[in-house]
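Here the structure comes first, spelled out in structure tokens, and everything after it is commentary.
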Amino acid sequence: MNSDPENGGCKGGGGDIARQIEVEADIDTAMSFTKTYQTPQREKVYSNWESMVLAYQSLGVVYGDLGTSPVNVFSATSFTNLSEDDLLGTLSLIIWTLTSLVLVKYVFIVLHANDHGEGGTFAIYSYICRHIHFNTKFTIHNTKLQPDSAMAYYTGGGHSPLSTRAKNFLERSSSAQNFLTVIVLLGTCMVIGDGALTPATCALQGIQSRSSKITQDHVVWISVVLLVALFVFQRCGTSKVSFLFSPIMLIWFATNVSIGVYNIFKYDPSILKAVSPHYIVKFFMANGKTAWDLLGAVFLSITGAEAMFTDLGHFNKRAIQLGFSLVVYPSLIVTYAGETAYLVKHPENITDAYYSSLPNPVYWPMFVISTLAAVVASQSMISACFSIVKQSLALGCFPRVNIIHTSSNHQGQVYSPEINTILLILTVALVVGFKGGVELANAYGVVVIWVMMITTFLTSLVMLVIWKTNVVAVLGFLVPYVLMEGAFMTSLLRKIPQGGWVPFAISVLFMTVMMSWTYGRSKKTTYEAENKMSVTELDEALSSIYRTPGVCLFFTDLVHGLPPIIRRYIHHMNSVREIMVVVTIRTLPIKTVSAEERLHVGKLGRNGVYQCLIQFGYKDAEDIDGAKYTDHIAAKLLELTDDNSEKHKIRSSMQKGIEFVTGRTILKANKKSDMLSRFTIDYMYRFLQKNSMPAFSTVRTPSNATLQVGMLYEI
């Protein structure tokens, strides 16, 4: 039989030895799947009107957290005996922090470091992965194949001498790759912690009351009730309430601007001179250490800015830029100026500056609006947390949890019951444990500054390696922002005893989980690669056993070769279906895989064994109907061969029944492993594996036609 060698077959007349060498080479490179790569897809071009509409919609999803920051910035300060110069210096710090760290850094620079319209820590990581080949054993789900670079969403390009040297260093240095992986995981843990801290912080902000009969304990328990209702409602999906978000935030920004302008003209119109940065210098010279400590409170004015990048995939870059530049930025500046003008006349009310600055006739309407805005802020970060956990799952660095797509139109709208429960428990514990908003605000600031610093580092790497930016420009971005963010970090770290330890505790918890899972997965992949079954061994094993009529689909996550569990299956069953298809489900570190590139097949050996590769991007819905995909696989197999007898065998086997086989492996550390490795593998990873979703939970197969094969890996 003659088959196209690119399809995994053999060359006619080449001899068995030559043919076997070719097949072995095909197994180790990419299974020689049939592939006609498309040119990289261009991002959609939006009209000005479309961008304006998206900018309006972004107000309710992206800017809820950032927009509600004026409620707690001044109340988080510890100033006493305030002077007008102190307030001018504080306002100037807020203005220039918003301008430099949000407007310049995020809006004009970081938003460009996106992965085909997707933002966030994992998006930058996948963007880098498309240009740097990771070969370390400890990495995030490294299953890159040789032809991947030709796929849509994979991009290439030339390199400058400096970027080439940096790229070569990263590809040669396993330590650098491991460091990059660790900081990506750290950024993810911080975002998850953000999802717990944001609702806890906002819950206490929106339920303020002037009645002396309502104690702080009453406020706490009302907050708990609202939080429980908020998290219970998550199962309905963000689409059910998202149409309310943008009007709420637009009203919030508009009313804050109106009140801000009123306060400026009523109390101190000269407050606008704080736009001059020389007031910052005067402030630090006059207050010294006290001014340095104030940086922690000032930083709260930009909490939520990271959501502009994390939620980028829901909109587009232009919409985010328009929304912030035209609405959010001027609104925040006027709101803070209005609060400051009020405090010039009433400095004693700094602990409740926002609500105290509200005119009496509009207090209760603003109470309602602020409560709704707080819910919007909470919802946006909870949804972002679900999305980033989904991306973590797709890249293989988080224990498998249930992911439910709540919208048929927007794949990015997902819900995870397990993560929702964890966030609820953490949030309620934080609200009950910290009865004052200052402690929660301190904790929240530490989370955000870590995420921003990680983003700064990753963006600098993108500028150097991918954008081929001049090293002077890279340093011009990296050094100033490291210094600015480092200054905020040192101020926030000083507040660890007052609540700053919380994000570290949450991060350590999730980091331990993610590191243990990633380490166990990497050890499992290494073991399978070292003990994989060769094509020669497969042919010999199949030549001496009975071939049962029908089709067997064997699911495995090993991309390069045949896992050892197939050897175990053949040895103990002593029979294999006439047609056996080894199915690998692979998630790529890219946004999405087009329908034409999703399913590929190739032939293994000469005994009716085939390989099938099913590919997804980290934003794709991995919902696989086993019966439906079997028909697609059979169609691909028929296209693969020109031999009529082989086609007849495939068709007849399909009619005689289909068997689905999944493997379940248990890891055990060998005696040579050190104590930490044994604890991680035998206890941490095994506990996580036991309590996580099955490896192929996204595959829906008939229970009466599904078989699970187990095997112990001693590593």
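Placed from the backbone N, Cα and C atoms, the Cβ positions cover glycine too.
Annotations in TrEMBL come from automatic prediction, not curation.
Features as listed in TrEMBL:
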type	residues	note
DOMAIN	54-538	domain 'K+ potassium transporter integral membrane'
DOMAIN	549-715	domain 'K+ potassium transporter C-terminal'
TRANSMEM	87-108	transmembrane segment
TRANSMEM	179-198	transmembrane segment
TRANSMEM	218-236	transmembrane segment
TRANSMEM	243-265	transmembrane segment
TRANSMEM	291-310	transmembrane segment
TRANSMEM	322-344	transmembrane segment
TRANSMEM	364-389	transmembrane segment
TRANSMEM	419-438	transmembrane segment
TRANSMEM	444-467	transmembrane segment
TRANSMEM	474-493	transmembrane segment
TRANSMEM	499-519	transmembrane segment
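The stretch from 87-108, 179-198, 243-265, 322-344, 474-493 that makes the most Cβ contacts under 8 Å with the transmembrane segment (291-310) is 87-108. If you count C-beta pairs under 8 angstroms between the transmembrane segment (364-389) and each of 243-265, 444-467, 499-519, the highest count goes to 243-265. On the 0 to 100 pLDDT scale, the domain 'K+ potassium transporter C-terminal' (549-715) averages 85 in the predicted structure. In summary, the transmembrane segment (444-467) lies against the transmembrane segment (179-198): three or more C-beta pairs, each 6 or more positions apart in sequence, are under 8 Å. Long-range neighbours of the transmembrane segment (322-344) within the same chain, counting only residues 6 or more positions beyond its ends whose Cβ lies under 8 Å from a Cβ of the stretch, are 51-52, 55-56, 58-59, 62-63, 66-67, 69-70, 73-74, 82, 84, 87-88, 90-91, 94-95, 98, 102-103, 107, 250, 253-254, 256-257, 259-264, 266-269, 271-272, 274, 301, 308, 350, 353-354, 356-357. Per-stretch counts of Cβ pairs under 8 Å to the transmembrane segment (87-108) identify 474-493 as the leading one among 179-198, 243-265, 419-438, 474-493.
Only pairs six or more apart in sequence are counted, and the transmembrane segment (419-438) with the transmembrane segment (179-198) gives three or more Cβ pairs under 8 Å, enough to call it a contact. Away from its own ends, the transmembrane segment (179-198) comes close to residues 65, 120-122, 125, 128, 136, 138-140, 170, 304, 306, 310, 377-378, 381-382, 384-385, 388-389, 392, 397-398, 419, 423, 426-427, 430, 440, 443-444, 447-448, 450-451, 454-455, 457-458, 461, 502-503, 506-507, 510-511, 514-515, 518 of its chain (Cβ-Cβ under 8 Å, at least six residues beyond either end).
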